[in-house]
Amino acid sequence: MAHCVTLVQLSISCDHLIDKDIGSKSDPLCVLLQDVGGGSWAELGRTERVRNCSSPEFSKTLQLEYRFETVQKLRFGIYDIDNKTPELRDDDFLGGAECSLGQIVSSQVLTLPLMLKPGKPAGRGTITVSAQELKDNRVVTMEVEARNLDKKDFLGKSDPFLEFFRQGDGKWHLVYRSEVIKNNLNPTWKRFSVPVQHFCGGNPSTPIQVQCSDYDSDGSHDLIGTFHTSLAQLQAVPAEFECIHPEKQQKKKSYKNSGTIRVKICRVETEYSFLDYVMGGCQINFTVGVDFTGSNGDPSSPDSLHYLSPTGVNEYLMALWSVGSVVQDYDSDKLFPAFGFGAQVPPDWQVSHEFALNFNPSNPYCAGIQGIVDAYRQALPQVRLYGPTNFAPIINHVARFAAQAAHQGTASQYFMLLLLTDGAVTDVEATREAVVRASNLPMSVIIVGVGGADFEAMEQLDADGGPLHTRSGQAAARDIVQFVPYRRFQNAPREALAQTVLAEVPTQLVSYFRAQGWAPLKPLPPSAKDPAQAPQA
């Protein structure tokens, strides 16, 4: 499971703080806390104190891990520091604000009003937070060939492969090993990419040793030759190096080399991350499809999967809240289309496989996750559960919007469809066709199985064992479906379902935009204060 975990740093500033000091302005400091569950908050860090300032811009950034698949609730507290003790209880509280880390990274720059307590603003005070990913996302891409390598095998030519080592801590560290090319003294190895940080520690002058060896199946590989270089020298393509065998060089005065290594391509490129796209303004458009087929059971019966408990919930709603609460932070307008399928709908009672939950086909958008919940509760008594379980219509519906977004040729939108269903899909072939077509578009499909039915067909759509194929043999361009049965998480922490089904989304989004060659949109520059007016701590 490829969780999206990376380190981000938060830059913080405030405006119009209330003054607690008599005869002067406050001396503010910001403390950052994270919700760790059970009503507890853990402190992650503090900025420096800025003296005598009501609109501080803190120079010390605060770092924390970012996880896409989790709602990371944060609390910022601003305090007027008038002593040297680390305790905050004896300092004046100037206001606080709460948000999620997802809101910060998707907003690029987030400004919130400071509150002294719920419902009581801290005057005109505001806090502004921006995030930056702490990551060297450069990769070095190379293509290398050799000429006239020494023959090492008695009954054939050599089976050469390359190894690249980085110098550090007085040792040589292996950073890349190529494939073996059998029986060839003039090989060209496959193009490869290595993170710059791993390849040379980020320093293009770091010594690099390259070894060319003859492969032996018992592990006793024979050295053909070696040379020393650096990333800076490798980039001077076409670069050519003599492959030297130290022992042969010492023994034979006439020794020249054991072949030459030629670097055909060596370039440093930026490999964009999920956060690069999100912080560049990419919107994640969230759509929900709910199964209203007869196999769910009569909603008025406590045995029905659609039965609403005395607290107004069921498995469908709990799954929706779990996933939706994470995704909603990445959609600026928080208007989500929501559909039902497999029911007879009024007024003509025809079976529909993509009816708007709010019964407004021209505007199926619901305001936030709560809006979807409200529409679902209102639709439930107005439809007749029927069948069959067809996924293709809703997948194709979302795919049409994804295709329009793709036509723009920018990394501005990505679509996520959440299907909540109680049983096996009926239109298997049509769904396969829809998923394979959608794999070429900026979208992902998440299926949550509700109830205890046999979900084997869903596992096939997940395609973790290999690419999904249509009946005609067309393969999916990438894996875009993630399926999980809800009951596997029934007794797990509430956030466990979202962590599992959303773990692959960052990789799916990045793989799509990378395949198209689309860089992130340029993020909006944070509003900067005049450095000449910045107070000193």
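Placement of Cβ uses the backbone N, Cα and C atoms for every residue, glycine included.
The domain 'C2 1' feature in Swiss-Prot is assigned to 1-114; the stated evidence is sequence analysis. Marked as Ca(2+) 2 binding site by Swiss-Prot on the basis of sequence analysis: Asp21, Asp80, Asp82, Asp92. What Swiss-Prot records for Asp21, Asp27, Asp80, Asp82 is Ca(2+) 1 binding site. The domain 'C2 2' feature in Swiss-Prot is assigned to 123-245; the stated evidence is sequence analysis. The feature Ca(2+) 4 binding site is assigned by Swiss-Prot to Asp153, Asp214, Asp216, Asp222. According to Swiss-Prot, the Ca(2+) 3 binding site annotation covers Asp153, Asp159, Asp214, Asp216. Residues or ranges marked as N6-acetyllysine in Swiss-Prot: Lys171. The domain 'VWFA' annotation in Swiss-Prot covers 285-505.
Comparing C-alpha positions, Asp222 (Ca(2+) 4 binding site) sits nearest to Asp159 among the binding-site residues Asp27, Asp80, Asp82, Asp159. Each residue in the domain 'C2 2' (123-245) gets a DSSP state, and the totals come to 9 helix, 62 strand, 52 coil. Taken residue by residue with DSSP, Asp82 (Ca(2+) 2 binding site) is part of neither helix nor strand, so it is coil. The separation of Asp214 (Ca(2+) 4 binding site) from Asp159 (Ca(2+) 3 binding site), Cα to Cα, is 5 Å. With respect to Asp92 (Ca(2+) 2 binding site), the closest of these recorded positions in Cα terms is Asp27, chosen from Asp27, Lys171, Asp214, Asp216. Here is what falls inside 10 Å of the CA of Asp82 (Ca(2+) 2 binding site) among the recorded positions Asp27, Lys171, Asp214, Asp216: Asp27.
Cβ neighbour count for Asp82 (Ca(2+) 2 binding site): 14 (other Cβ atoms within 10 Å of its Cβ, all protein chains included). Restricting the recorded positions Lys171, Asp214, Asp216 to those with a CA within 10 Å of the CA of Asp80 (Ca(2+) 2 binding site) leaves an empty set. When secondary structure is read from DSSP and collapsed to three states, Asp27 (Ca(2+) 1 binding site) falls in the coil class. Here the domain 'C2 1' (1-114) is broken down by DSSP into helix, strand and coil counts: 7 helix, 58 strand, 49 coil.
Between the listed binding-site residues, namely Asp27, Asp92, Asp159, Asp214, the fewest other CB atoms within 10 angstroms of a CB are found at Asp92.
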